[in-house]
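Comments concern the structure below.
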Amino acid sequence: MEPIWELVEPWGLGLDDLQYFGEYTAKVKQHAIERLREQAENREQNLVLVTGMTPTPKGEGKTVTTVGLGQTLNHVGEEAMIAIREPSLGPVFGVKGGAAGGGRSQVLPMEDINLHFTGDLHALTSAHNLIAAMLDAKISQGDDLNIDINNVSWPRAIDMNDRALRETVVGLGGKTGGTPREDSFILTAASELMAVLCLASDIGDLKERVSRIIVAYDEDGDPVTVEDIEATGPATMLLRDAIKPNVVQTIEGTPALVHGGPFANIAHGTNSLVADKTAFGMGDYLVTEAGFGSDLGAEKFMDVVCRKGDMTPNAVVLVASVRALKYHGLNQWPVDYDEIGEAGVEAVEAGFSNLDKHARNLQKFGVPVVVSVNRFPDDTDEEVQAVLDHCREDLGVRAAESNVFSDGSEGGVDLAENVIEATEESNEEDFRMLYDDDDSIKEKIHTVATEIYGADDVKYTGGALDDIEQMNDLDFDDYPVVMSKTFHSLSDDASQKGAPEGWELEISEVYPSAGAGFLVALTADALTMPGLPARPAAADMDIDGDGNISGLF
């Protein structure tokens, strides 16, 4: 690795522009961010979004593709930056293990990034729990806000998968232990503060967004905000450094901004807007990713992030894999990787319905689509070629085999050339979002459910319709909607593979993320606090007497 100050100097960042965390990691200071935003006006600002088909639980290589494509664009003579989310400890120790790409397309220093990195997640956890503590102090010590303890919407947060904390009771310590009430924990990445951080333009905007977060409702049903409990200043203070984007490097020496990490199944699922705007001032291409399949991350990127950040994508890379196609073709739930390994090209072809639905969905936004077939070691030439032929001949979209995991930029030239062609042919006037701001909340939900997920209709259960009425009363009806849905299926039933038909999307709750500026519509299968599997990835991790880590990725 190259010292970070030397690596980024040709990209417009000097020694005084960085706040250092060792030799290979830094944050970009505010004055440099502002300068780069101005410089972006003289750059091409080609925005390339990487998304994917509905993945297996192990993932199909979106981050590998994002990193590999960024490296390859530089390899073929372009100037490209990379922006990705930073990992959460929960998934790192849970199912997926370490996350920052892999093989010859990874971001370094991998161990630091996956563990504590620059402390952004810790800062968010502290700020979130400070708000929770100040809220409970207000409730138990002279509540002049008349807070309804049965209508507190702000939980606690922890950056660890722990199902035992999904439902808790607090205040059981007697007279000095606070007011007893039901409570819960969420993963830090699921906190509204994470979404706020990633949508804020600067520290001033961050503070304003934090102030309007709704933490509870009073006995009259009116919202109680962070500002009402006087937590705006101290909470934002804890995030003073967290809003600065982190800059590191890929294994081939391309600068990468790794910042923020909201989940795409319960939030908007992309890295921070600050990172994106900074990257636009450093290169002519920005390659970024959206979480999970395109039904979740990409839809939210188009309808929420581009709306909030005034951005227009020039190309979308849809990551597919032989493994994921077999997963759908064999109609598996739960996944059986041994059966996938034994299946042949017939299973691949049987899974095309899922890939096709994702490709058609993306075309609705008016952005050129390039399918990237991320090749795994066990894939046969026949299987990969079947996917490429189907994309080119049946779907009529660009497609390329990607070997960036094994070969780095040498394995991504065909993909990069297709992406360059797509961006050159793109017309920003063709870009369109699925719905307008002034569409009703139910219209927005119905549009996403039918156009993207393939549902026939939407069914509202529990108090969801009352929630929508309340959102209208609070003048939140012009907010975009973030659909909180399982990532295991295009539908709201994780067991349904391919492109399910003849079903209704069930919405159980709608609530505001007033600081982030969107509404969240919950389906029946969405968890804000995941649990560890019977044998988590953590069980295979270790550290020796010299401090060398093994099993992290």
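Just so it is clear, glycine is given a Cβ too, placed from its N, Cα and C backbone atoms.
Some features that Swiss-Prot has for this protein:
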type: BINDING; residues: T56, P57, K58, G59, E60, G61, K62, T63; note: ATP binding site
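Recorded features from Swiss-Prot, shown on the structure.
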residue : record           : contacts (Cβ under 8 Å, 6+ apart)
T56     : ATP binding site : R323, A324, Y327, V335, Y337, I340
P57     : ATP binding site : V95, K96, V335, H488
K58     : ATP binding site : V95, K96, Y337
G59     : ATP binding site : K96
E60     : ATP binding site : G52, M53, V319, A320, S321, R323, A324, N374
G61     : ATP binding site : G52, G102, V319, S321, N374, S402, F405
K62     : ATP binding site : V50, T51, G52, E289, G291, V319
T63     : ATP binding site : I84, A99, A100, G101, G102, E289
Residues flanking the ATP site, with Cβ no more than 8 Å from the Cβ centroid of T56, P57, K58, G59, E60, G61, K62, T63 and excluding those residues themselves: G52, P55, K96, S321, A324
